[in-house]
């Protein structure tokens, strides 16, 4: 169990998460597969050799933040508000390049202190592509297969990196596969992983550039989020209407789906913003 105050078995937690992903996450078969594999293996192992490290990649509105918060909600009683869950945003926490050395020291101390308090902690790094190259490397000692580091046992922690990097490459590959009449359920991780690696890990503008996290193979699961088609957007609208207390309104569903930009320009196959703007657009058509 992750949160010391939670009374559910690891089997119940994994089953609940799997069901929620199946019901509420649209159009992401690889995400369901990879996240569940990672979570199951991690929860079932009483003595993991290293923390669980996952890296989420994809364009805006495809569900990266949604899945990370869903995952945290199942593993920690108070979800993102749990004292054992820590979120970092480069714009909020590391905005000034000239203070990088101070940020490195702060980040190392922050992680070390929280893992000393509770080895079952989770750390979420949002918009990793905006992190200054080199900053993320101070986390390396906490990610590897050691028993103890800086006096803390940290092998039961979870680290999730969230990034738009690789999104363009995933979209291009998905367009090629769509033109080849290949269904998204047939797409494998190997179809996408090399392009994500190249975009995220060999790009000087990426927070992972030349990072030891990559060179030492410390990421357990690279999770690609695929671009969403029009029928996925409609599912998001239906779900959002239900959350706002409205029934299914076919006219609203159609109008919201039609109001969203799609690419490429000619065929208009994939939503340019995923489901990100669905909630704000619904009020325009009610």
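Placement of Cβ uses the backbone N, Cα and C atoms for every residue, glycine included.
Taken from TrEMBL, the feature ATP binding site applies to 58, 59, 60, 61, 62, 63, 64, 65. Cβ environment of residue 63 (ATP binding site): 25, 26, 28, 31, 225, 274, 275 lie under 8 Å away, each six or more residues apart in the same chain.
Per TrEMBL, the feature domain 'Torsin-1A C-terminal' maps to 231-283.
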Let's check the environment of residue 58 (ATP binding site): how many other CB atoms sit within 10 Å of its CB? 28
For residue 60 (ATP binding site): intrachain residues, at least 6 apart, with Cβ closer than 8 Å: 164, 167, 273, 274, 276
